[in-house]
Every structure is written in C-alpha cells, then in structure tokens.
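Going by Swiss-Prot, these are the annotated features:
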- 25-194: domain 'FAD-binding PCMH-type' (DOMAIN)
- R166: active site (ACT_SITE)
- S243: active site, proton donor (ACT_SITE)
- E342: active site (ACT_SITE)
Amino acid sequence: MTGQELAGAEVEADVALAPLTTLRVGPVARRLITATSTEQLVAALRAPVGRDALILAGGSNVVLADDMADLTVIRVANSEITVHDGIVRAEAGANWDDVVVTALAHGLGGLECLSGIPGSAGATPVQNVGAYGSEVADTIRRVRLFDRRTGRDDWVTPQDMAFGYRTSVLKHSDHAVVLEVEFALDVGGRSAPLRYGELARALDVEPGGRADPVAVRDAVLALRRGKGMVLDEPDRDTWSVGSFFTNPVVTTADHERLAAEVDGPVPSYPAPDGVKLAAGWLVEHAGFGKGYPGDDAPARLSTKHALAVTNRGHATTADVIALARTVRDGVRTTFGIELTPEPTLVGCTL
C-alpha cells in the first residue's frame, strides 16, 4: 500500500475507535485510513486494502463491537461545504451542525429543526435523519454515491433513495458509500413548517406555521440540551447515540388494544402505515425510568431522556447491548411491541 494508491490519505496502525464514536465504545482497528478529501476517500475505497473496510464518519449513530479482528477502517473526513443559488453541497465528512449553521449564515431555511444533531452530513441520508417534525428527505436534492461493487460514483435523486421513517436504501447496504449531499433550501429565509407541538409552543407558533429559522435553531438547541441530546464532554448523559430505538409504527388495532390496557392517554401520531407511538413513553411505562438501572451501572439510561442508552465513562459495548436488550425485551413483555434499534450495530446484535 503506497501513499499514491490512497492519494495521500493518512494511514495509522492499532488505533482505538472508542474516542471516534459518541458512545465511546468499540475495538482497536488494525489499520485506520483517514480521508480528508473526496479524492482520498474514493482512492481508499478503490484500493485493495479498502474494499472490505468499515466506513466511519462522525461515529454518532453506530455501535461497534468490543473486538473485531483484523479490522481496517476508512474514516470519512472530507468536510467542504459550499453554497450556490439556494443549494448547499456538503462533503460526506462535514460536521452536520456546521452544515446547518452555514445554511443559516446564507439566509437559507429548511435545516434549522435538525440543529444540534451530532455526526456527519454523509450519514444523514442513510437513515433519513430527522427531529422535531423535519427530516433530511424534505430538502435533499441529490446524493453522490460510490458503488464499491463497480468502482463508479454517481449522483442519485431522492426517488432513488426510497426514503422512509429513519431509513433509506442505504441503511442496509454495504456497497454504497456517500461522498457528497446536496440540499435545496428556502431562499426566502423561511423555516421549515413547525410540525412538532413542543417546538411550536416554545416559539408561540401554530403547528404547521413558520418562524425565523435562527430563532427555531435556538429553540431546538434548548430543547435538545434539556434532554442531554447536545454533545458535552463532561455530561455523561450525552455519551450516547441519541435515541437508541425508533418510534414504533403499529396498526390501529394494536394502538386501540394498548390504549385499553393502560391508564391515561397513549402518546401517538398518525403515520402512513398506521399509528406511530412514542418509544420513550413505552420504555418508561415498561418500568425503565430515567437513570435505569442506577448510579453504579457502567451503562444506564440517560437521567434526562429514557430513550438514550449512555456510557457513564467505563462501559463496554457488551454493557451497552445488555442494557438495550433488557429494555427492548421489557417493552415487548409489557406491551407486545417490538422496539427497533436506531443506530447501526456492527459486529454485535440485540
């Protein structure tokens, strides 16, 4: 392997991956290739050493096993962001919140509800990242993908991505790697429609209305901080992958059954395929409150948000998985509803 083969990308041996993830767990990589440009990223993907490599960017939505033998990792660190005629183009390794800030600095609305989400721009289309009533599928114009099977890279449209709730064709694909993403934003400086009740109330706006996008960003960040969902090194509640489970979509019959079994209202929202339930409510009402299982546990639920599985400073992946499995199984036993992990699990399963 030569520098020319990798277009100058840095190669390191025996690198601990835990510090490169927001959950701060994971194995030691035998080889870490850091690509700081799209040229280097493509070269690494085409090189023999990179053909089966694990792709790692912001590390905010992945759970890596404690031990993975003979592991080569390509770290996506190309980070250029450009703006032209209301189109924001972000290289895959660009910090996501930097993309949001850049859009706002150019007077463009549409991404502000997604403020404060950790990770990289390239990860956002993979699972159609969303929060507070918005998702990237609302604004993505096209995505540049590298196909590891053919060695080609092409721009594809949202129709090719088959976006759904926290999913896309990329989520379960090993061969497609995001190189760049383009977002078509509101040149009039309007925010995205404020569909999320808590956010609309914070801004004193009717649901579905709009507001100044900078004010929306400020409100979103305040809400996220209150839930431990903005990265903060001293705050162990932020050592997580955010929400560990997606909000389940159930049939109308299952929703009615659940409502009849519990006291009080069941938080729910209309969904194209049924009724969406609040996973956090299910977790807490199955007996797993904030901070479960207690102060001495290496992995515990956030003290601010029961849907986040957190590392209290010395957890292993095995600890994290064991807690997530306990919560998932408890919700299934209590309510007959299966929770699905939101992060990508690599080398480990629930």
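Note: Cβ is positioned from N, Cα and C throughout, glycine not excepted.
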Integer Å distance between the CA atoms belonging to E342 (active site) and R166 (active site): 8
Proximal but sequence-remote residues of the same chain as E342 (active site) (Cβ under 8 Å, at least 6 apart): N61, Q127, R166, V241, G242, S243, F244, F245, T246
DSSP-derived class (H/G/I helix, E/B strand, else coil) of S243 (active site, proton donor): strand
Per-residue pLDDT averaged over the domain 'FAD-binding PCMH-type' (25-194), given as an integer: 97
Active-site residues compared (R166, S243) - highest count of Cβ atoms within 10 Å: S243
